[in-house]
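Okay, structure first, notes after.
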Amino acid sequence: MTAYPTWTPAPRPGIIPLRPLGFGTILGRSFTALRQNPRVLLGFALVVQTVATLVVTAAIVGASVFALSRLATLDPRSDEFDTVMAGSIALIGVVSIVLSLAAGALGVIVQGVVVSEVSHAVVAEKLTLGRVWRRVKPVAWRLVGYTLLVTLAIAVVAGVLVGLLLLLAQALLPLVIVLSVLLLIAAIPLWLWLTVKLLLVPATIVMEHATIRGAIVRSWVLTRGRFWSSLGIVVIVSLSFSFLAQMVSLPFSLVSVAVTSVLSPTGDPDIQSLIALIVGSLATQVVVLLIQAMALVVQATATALIYIDCRMRHEGLDLDLLAYVDQRDAGAEGLPDPYRAHIGRRIAPRGGFPPAGYRPPGHPAPGAFPGQSYPAPPVPYPGGIQPTPGAAQPPPGFPTPGQQPVDATLAPSPTRWTPPGGQPGPS
């Protein structure tokens with residue numbers, strides 16, 4: 001039985017070309033990828049951000065009311081008042097820290113969902129939130145554990161440094177001030193360096209189902225040679241959304257203050273001015289929440305694209321993705337995950353393609369003879385006949401199309417024929 005080739009449609013384009021990416025491609029596609037699946041990306045992030053903000057705000061307000069309400073029953077001049085005040089402040093601080101950690105854990109879950117969805121969008125696949133969550137769910141606690149581990153490490157280092165500075169401040173206050181400034185200056189590049197080196201840990205946990213330690217090692221290795229481009233992308237995205245949040249929230253704040261001044265020109269609070277102030281604050285908070293959700297999605301998308309680009313350059317991930325797309329479009333089913341196919345593979349460095357017009361040294365230009373640095377002039381057609389438009393001119397020494405080569409033995413011999421009234425020709 002003879003097998004005949006069948007027609008296969010062209011591969012569907014994903015959000016990025018399946019090749020190592022440049023700085024501008026990663027930065028630009030980080031913003032435009034939001035249009036690929038906004039319901040999963042922006043919708044999920046916005047819901048999580050809103051719920052986290054409401055829960056944190058309500059809990060902090062409740063703890064503050066509960067803690068400070070006891071002070072109303074005490075005499076401010078009593079010793080018990082100072083003790084209750086210190087306990088109330090400590091309670092509010094502990095509640096704020098715990099809820100902030102919980103909000104950070106929810107943020108890293110959103111990042112994991114975005115990374116998983118972007119990895120499918122790269123190969124032109126659009127998933128529902130349920131399918132994306134089923135992929136993230138097995139490693140969700142690893143993401144939360146990594147976030148808590150980083151927070152704990154920062155708290156321990158900061159606590160040790162602050163404690164040492166406080167001990168020195170009792171005897172050498174000027175020295176402590178100088179050391180504090182120097183430590184603050186040194187902490188900025190250290191923080192940026194660690195941010196980039198650990199940037200790919202969440203993406204590695206989601207895409208490779210790696211352990212926390214394994215993901216840290218993988219992120220450290222994959223970012224080699226890609227530090228400055230990764231840092232530039234992270235800084236540009238962060239500054240862009242910070243500037244956008246300030247520019248958008250400022251008009252709402254000004255309008256709220258202006259309306260309050262108009263409704264209450266004397267400064268006496270009334271119900272209308274309070275309503276205007278509350279409405280303005282809520283509108284500002286809604287806009288800020290929307291911008292924060294967009295920033296979280298774009299930052300997570302940039303992280304996913306940086307991870308994919310690093311694996312393309314170090315491990316040839318683009319080859320696995322191209323093979324996966326070809327087999328899928330040909331009708332294959334049950335294909336393995338291309339992102340987990342060759343983890344840790346090493347490929348030879350890829351050289352760049354030569355520019356147009358490049359020729360190796362020692363090779364003449366097209367149409368030139370050896371030792372000649374310029375192309376040879378074209379050979380005209382015999383009899384003034386012009387070639388057919390679009391047809392190539394034959395090389396020197398070869399007949400034109402349709403012309404037979406001339407044999408020297410068939411050349412006409414001298415003749416004795418004499419024209420009328422003329423002399424005989426030479427013999």
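Note that Cβ sites are derived from N, Cα and C of the backbone, with glycine treated the same way.
Marked as compositional bias 'Low complexity' by TrEMBL: 382-391. Sequence annotations record features per position, and here TrEMBL assigns domain 'DUF7847' to 26-298. Residues or ranges marked as region 'Disordered' in TrEMBL: 350-427. Taken from TrEMBL, the feature transmembrane segment covers 40-68, 89-110, 143-168, 175-194, 233-254, 274-307.
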Best-contacting stretch, by C-beta pairs under 8 Å, relative to the transmembrane segment (143-168) and drawn from 40-68, 89-110, 175-194, 233-254: 89-110
Contact call for the transmembrane segment (274-307) and the transmembrane segment (175-194): at least 3 Cβ pairs under 8 Å, seq gap 6+: no
Tertiary contacts of the transmembrane segment (40-68), as residues 6+ beyond its ends and Cβ separation under 8 Å: 33-34, 87-89, 91-92, 95-96, 99-100, 102-103, 106-107, 109-110, 113-114, 117, 127-129, 132, 285, 289-290, 292-294, 296-297, 301
Close approaches to the transmembrane segment (89-110) from elsewhere in its chain (Cβ under 8 angstroms; 6 or more beyond its ends): 44-45, 48-49, 51-53, 55-56, 59-60, 63-64, 67, 136, 140, 143-144, 146-148, 151, 202, 296-297, 300
